[in-house]
Amino acid sequence: MATNLRGVMAALLTPFDQQQALDKASLRRLVQFNIQQGIDGLYVGGSTGEAFVQSLSEREQVLEIVAEEAKGKIKLIAHVGCVSTAESQQLASSAKRYGFDAVSAVTPFYYPFSFEEHCDHYRAIIDSADGLPMVVYNIPALSGVKLTLDQINTLVTLPGVGALKQTSGDLYQMEQIRREHPDLVLYNGYDEIFASGLLAGADGGIGSTYNIMGWRYQGIVKALKEGDIQTAQKLQTECNKVIDLLIKTGVFRGLKTVLHYMDVVSVPLCRKPFGPVDEKYLPELKVLAQQLMQERG
């Protein structure tokens, strides 16, 4: 059902203007930039997209714009997760209407829901997605929901689930999931362990830093397919040097600043309460943008 979803998927950023409104022109440029750099697909409206500081209407606008720019060109996964099941269902219906290839949802958070309530939440979204496969999104560090291996096994075998985004540093668990579910589409979620995640059984990845250097991650995939571990390690190291800087700056605002210097995003701001990048990092980010543009050619 979801085998066509394998690959390298950029977790799309959401550009805003100086007034904190959605910057539609920059969003369109960013989608095209990702297509041009050879990304297999886009994961829209997730953590990287600052979904949880947007209104439902804004999230729907983002889905619509991305579909207009990319439908039929690359694979599109709509993250529709909300704490509210009804709002998640509304976004899932919109994703179906706009022509997305799949939906995804983080486990509902903040309140201490039971595991059966989590399952019911996913069943309801799957029903509203009307045939689109579900990508379960496991990110315990941000959601606060720490699923056991048995619970993950239950979620990924719910009717309608076709994939799992595993944003966890537990590579042993990644391998266990692959061993238990050989046909499940399995995404690595932490960019800094992308190569290791592939070796542990992931089919590809969904990541934020793919927005600025997606070709490097495609290079890792190619190298590992060819058995060239040395090249894969070298590329992962180069990616991680960038990630080291972004962790210092704040990942999302750092990425937007790099894309600003690449003339893709007009305003390098995240939505409040996120603040701007500390000015002391701007020279390094500008040099990084220049280096990546030169490398990409």
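Using N, Cα and C of the backbone, Cβ positions are placed for all residues, glycine too.
Per Swiss-Prot, these features apply:
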BINDING   Ser47, Thr48, Thr167, Gly189, Asp191, Glu192, Ser208  aceneuramate binding site
ACT_SITE  Tyr137  active site, proton donor
ACT_SITE  Lys165  active site, schiff-base intermediate with substrate
Within the same chain, the residues at least 6 apart in sequence whose Cβ is under 8 angstroms from that of Lys165 (active site, schiff-base intermediate with substrate) are Tyr43, Ser104, Val135, Val136, Tyr137, Asn138, Ile139, Tyr187, Gly189, Ile206
Across every protein chain in view, the count of C-beta atoms other than its own within 10 A of the C-beta of Ser208 (aceneuramate binding site) is 23
List the residues of the same chain that sit at least 6 positions away from Thr167 (aceneuramate binding site) in sequence and have their Cβ under 8 Å from its Cβ, in sequence order, or write 'none'. Tyr137, Asn138, Ile139, Pro140, Ala141, Leu142, Gly189, Tyr190
Maximal Cα-Cα distance (Å) across residues annotated as binding aceneuramate, namely Ser47, Thr48, Thr167, Gly189, Asp191, Glu192, Ser208: 16
Same-chain residues at least 6 apart in sequence with Cβ under 8 Å of the Cβ of Thr48 (aceneuramate binding site), in sequence order, are Ala11, Leu12, Leu13, Ser208, Asn211, Val251, Phe252, Leu255
Using the Cβ center of Ser47, Thr48, Thr167, Gly189, Asp191, Glu192, Ser208 as the aceneuramate site position, which other residues in that chain lie within 8 Å, going by their Cβ? Ala11, Tyr190, Ile206, Gly207, Thr209
Provide the three-state secondary structure of Ser47 (aceneuramate binding site) computed with DSSP. coil
Collapsed DSSP category at Tyr137 (active site, proton donor): strand
Candidate with sparsest Cβ neighbourhood (10 Å radius) among Asp191, Glu192, the listed binding-site residues: Glu192
What three-state class does DSSP give Glu192 (aceneuramate binding site)? helix
When a 10 Å sphere is centred on the Cβ of Gly189 (aceneuramate binding site), how many other Cβ atoms does it contain? 27
